[in-house]
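S.K.: Dropping the structure in here first, questions after.
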Amino acid sequence: MVKSAVLGFPRIGKNRELKKATEAYWSGKTSAEELLATAKQLRLEHWKLQKAQGVDIIPSNDFSLYDQIMDHSFSFNVIPPRYRLSGLSSLDTYFAMGRGMQRAATADKAAVDVPAGEMVKWFDSNYHFLRPEVSEETDFKLSSTKALDEFLEAKEAGIITRPVLVGPVTYLFIAKAAKGSSIKPIELLPKLLPVYVELIKKLTEAGAEYIQIDEPILTLDLPQEILASYKEAYETLGKIGKLILTTYFGSLQSNADVLKGLPIAGVHVDVVRAPENLDRALAVLGENQIISVGVVSGRNIWKTDFQKATAIIEKAISAVGSERVQVASSSSILHIPHSLSGEDQINPEIKRWFAFAVEKCAELAILTKAANDGPASVRAELEANAADCKARAESPITNVEAVRERQSKVTPQMHERKSPFETRYAKQQASLKLPLFPTTTIGSFPQTKEIRVTRNRFAKGLISQEEYDAFIRKEISDVVKFQEEVGLDVLVHGEPERNDMVQYFGERMEGFVFTVNGWVQSYGSRCVRPPIIVGDVYRPAPMTVKESQYAQSITSKPMKGMLTAPITILRWSFPRDDVHDSVQAQQIALGLRDEVLDLEKAGIKVIQCDEPALREGLPLRRAEWDEYLKWAIDAFRLATAAVQDDTQIHSHFCYSDFNDIFDAIQRLDADVVSIENSKSDMKLLNVLSRYTSCIGPGLFDIHSPRVPPVSEFKERIDAIVKHVPKDHLWLNPDCGLKTRGWPETTADLKNMIAAAREAREQYA
């Protein structure tokens, strides 16, 4: 019989219970025991929920207090020496790796000051992982039995799960060599494999019939030495337990060949993103191996088209027989919200198009029953699904003729600034009169509880528009005054009116819908609530002009208008799956183009259009990069190019490895770009010299509560000046300050500005 399988389930809880419990522990409000009890309760609830929805194969070890890759590092004793601090509990050591730690000395404890580990996007998703750090000295050993413990937890509750492990080749491929080490992480495979052997043995002996082992890098362009490692790894591991080798997010292409002949129990492929994967996998599948077919998207919130999915499942069954077929999510469903329940505010016509995590589990059960018992056994469900898909395709919400007509009139000239950078920057300097090493922030300032509560009260109609506007003006005034007092050169209004840098704009454009509780994990305890693009997008009215114009009216210093750029709005939303991403990006860009011109007319001479998601939007295969970058860059330029020469366009990029796309960033033709740099050990410095416009490499990590001293800021400036012309260098944090508290924000900025003043004296 065909079985249904989920590759991973959202861990944060229906109401973000994990986030709340974790942050309460960090702030000292609750104990470690209370945090771990909440985590255990969530795991049990999620296992039972999946079982109740009819899922046959339920995952374990997909849960994490912070990040599953960091869990593996912790379990394998891959803990950099700087985090092995005396007096820290195992749990606090774990969190120090993810967040960094700064603690003053006490009578019985030494001072602690360690930065967080490097955080990287998980493939092209919006989830972030902590990059493993290895060296010749790494002593791999099974230092935590988390995977076993959680399997036994579920077993005790009467649920036999399929434990999830990140495969050894993927783990080492995404790792980096520690500072001072010249080793290629993959060279450590012989040292790491015995740890996997030990863990797989323990899981098998405990009763795990199958183990899911994730090797998603097989959807990337891989060097031969990595491909060759699969034989070494799985000739060993495949003989220890029954492994389902899992791939997702893209096409296997020729990488599928390395799977042929491996002693594994089966292979999982994502056929949502790459339908050709089924044929690729079937071609290399062994005589008794299982094929797991990922037909239900783990990345998007649209209902599965049962007619299309059933055809794929039937093809797999006809090829290998029903006993060897699993119907699965395409990837972990970590990337989508928990449940549609409670989302009563969504237009019912639109809501019927969606399926969140719980609903995806039910979809898997329906498709599996159809495969086992025939379509007649679920006729009502199949007919309802077909009706929903048809209604969406034919709905006037999805297609707006005026938007399509405007798109048809876009010309190449609309993507070009009036003059080259050198001409523009001279005019901007004459107008703005900024000092050497101008200081600024990325946009947002700390959002206090009072701000969040007031915004929520306004949304619920508990205060009037006038009361809310007065509150926002007061917050803006306070932030502007603070920036003037600490000595920043280019100010921002602080964004107190904005809940999220994407949602805020989506709420002011047509074509989006929003959830009340549609949270997904971004990193650690950070959760986001992505908008959903359901139809053609356009801007009906100005979105940010009122706040920016007010902020500029109360200061003589330049005020930045703050916008989110097209690709980031697209990538950080759940996009449509019925039109190409480039169509959606251009629609968003046209709305932003109108906003940029309105800001300029309102007297805003510096306009920042943040594009942090540009890099993560790159296709996984390099052969597809040029096409993507062409339309992505066109969208940014369409949004920003209409301004006058003396209006300065800024942009911001974060969470990215820019070496691959630095030329593309240059082609955006922004006047100033700020980039996240602090978490990458300043490794971007080597490419900064190639950039010909102004640049602001991030000087401190806003994701960590640690406050660098003035001397550290100055050292960073000195290092950057060796690569960037001093009159092109801006000084700024590496990201917005929204999630930070005021004490560390104040300390960070004061230290940064003090270092800027020292640098001006030295380099003037």
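Keep in mind that glycine also has a Cβ here, set from the backbone N, Cα and C atoms.
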S.K.: Of the candidates C389, C527, C735, which does Swiss-Prot annotate as part of the Zn(2+) site that also includes H652, C654, E676?
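M.R.: Among C389, C527, C735, only C735 appears alongside H652, C654, E676 as Zn(2+)-binding in Swiss-Prot.
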S.K.: Quick check: of W572, W625, W631, which does Swiss-Prot put in the same 5-methyltetrahydropteroyltri-L-glutamate site as K19, N126, D500, Y523, R526, C527?
M.R.: W572
S.K.: Let me know which member of D344, D594, D598, D610 Swiss-Prot also records as binding L-homocysteine at the site of I442, G443, S444, E495.
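M.R.: Looking at D344, D594, D598, D610, the one Swiss-Prot places in the L-homocysteine site next to I442, G443, S444, E495 is D610.
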S.K.: From the set S64, S182, S377, S651, which residue is assigned the annotation phosphoserine by Swiss-Prot?
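M.R.: Of the listed residues, Swiss-Prot records phosphoserine for S182.
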S.K.: Select, from T219, T236, T441, the one residue given the annotation phosphothreonine by Swiss-Prot.
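M.R.: That would be T441, per the phosphothreonine annotation in Swiss-Prot.
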S.K.: State the three-class DSSP label for N126 (5-methyltetrahydropteroyltri-L-glutamate binding site), counting H, G and I as helix, E and B as strand, and everything else as coil.
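M.R.: Going by the DSSP assignment, N126 (5-methyltetrahydropteroyltri-L-glutamate binding site) belongs to neither helix nor strand, so it counts as coil.
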S.K.: For H652 (Zn(2+) binding site), write down the residues of its own chain that are at least 6 apart in sequence and whose Cβ falls under 8 Å from its Cβ; none is a fine answer.
M.R.: I442, G443, Q608, D610, E611, P612, V673, S674, I675, C735
S.K.: Spatially speaking, which of the recorded positions S182, E495, C654, E676, H703 is closest to K19 (5-methyltetrahydropteroyltri-L-glutamate binding site)? Use C-alpha to C-alpha, please.
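M.R.: Ranked by Cα distance from K19 (5-methyltetrahydropteroyltri-L-glutamate binding site), first place goes to H703.
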S.K.: Any idea which of the binding-site residues I442, C527, C654, C735 has the thinnest Cβ neighbourhood at 10 Å?
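M.R.: Checked I442, C527, C654, C735; of these binding-site residues, fewest Cβ neighbours within 10 Å: C527.
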S.K.: Quick one: give me the count of other CB atoms within 10 A of the CB of D610 (L-homocysteine binding site).
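M.R.: So the Cβ neighbour count for D610 (L-homocysteine binding site) comes to 24.
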S.K.: Near the Cβ of K19 (5-methyltetrahydropteroyltri-L-glutamate binding site), how many other Cβ atoms are there if near means within 10 Å?
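M.R.: Looking across every protein chain shown, the total is 18.
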S.K.: Taking the Cβ of H703 (active site, proton donor) as the centre, how many other Cβ atoms fall within a 10 Å radius?
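M.R.: Around the Cβ of H703 (active site, proton donor), 24 other Cβ atoms lie within 10 Å.
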S.K.: Quick check: of the recorded positions listed here (S182, T441, Y523), which one has the Cα closest to that of E495 (L-homocysteine binding site)?
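M.R.: Smallest Cα separation from E495 (L-homocysteine binding site) among S182, T441, Y523: T441.
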S.K.: With an 8 Å cut-off on Cβ-Cβ distance and a minimum sequence separation of at least 6, pull the same-chain contacts of S182 (phosphoserine), or say none.
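M.R.: Looking at Cβ-Cβ distances below 8 Å from S182 (phosphoserine), excluding near sequence neighbours, one finds none.
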S.K.: Determine, from DSSP, whether C654 (Zn(2+) binding site) sits in helix, strand or coil.
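M.R.: Reduced to three states, the DSSP call for C654 (Zn(2+) binding site) is coil.
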